[in-house]
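I have placed the structure first, in the form of structure tokens, so that the comments after it can refer back to it.
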Amino acid sequence: MSTLKKPDLSDPKLRAKLAKGMGHNYYGEPAWPNDLLYIFPVVILGTIACVVGLAVLDPAMLGDKANPFATPLEILPEWYLYPVFQILRVVPNKLLGIALQTLIPLGLMILPFIENVNKFSNPFRRPVAMSVFLFGTFLTIYLGIGACLPIDKSLTLGLF
């Protein structure tokens, strides 16, 4: 079976369309020169116009000027490092905090050996893997929210 759709030139309807200059989409349109010379530049120029238009209409506001002599009260990392930052901030021993972070990949590597299931089975019928995934997701969200709060409210999220 061919990956290209070849036209049936014995079809009289197709031959009539081709005689009129129509029907080229019936069997596929060539990439050269149609796409490369006409469609791609329109998309590229349209993208550039959108970016320039957004930059002109809604420029990003600058924040406060940096002052090297005044350090903020708490320096937060980027948002994707909040859970790791919270673990290191809450655990009293920093070596223990690093050890806790190495247990996460080790636990994920051990998980397939704990639950011996066919790789084609339904993932919703794998209770150990699903419970570990859901627990890890909720714990990550909990730690991420706690990292944004002051340290005295970070474990309870200020609820009690």
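Cβ coordinates come from backbone N, Cα and C, glycine included.
A quick note: this is a predicted structure, and the numbers were derived from the prediction, not measured.
If you look up Swiss-Prot, you'll see 36-56 (among others) marked as transmembrane segment.
Taking Cβ pairs closer than 8 Å, the transmembrane segment (95-115) reaches residues 84, 87-88, 126, 128-129, 132, 136 in its own chain, all 6 or more past its ends. Among the features that Swiss-Prot reports, transmembrane segment is placed at 95-115 (among others).
Long-range contacts of the transmembrane segment (131-151) within the same chain, counting only residues at least 6 positions beyond its ends with a Cβ under 8 Å from a Cβ of the stretch, are 74, 76, 79, 82-83, 85-87, 89-90, 104, 107, 111, 157-158. Swiss-Prot lists 131-151 (among others) with the feature transmembrane segment.
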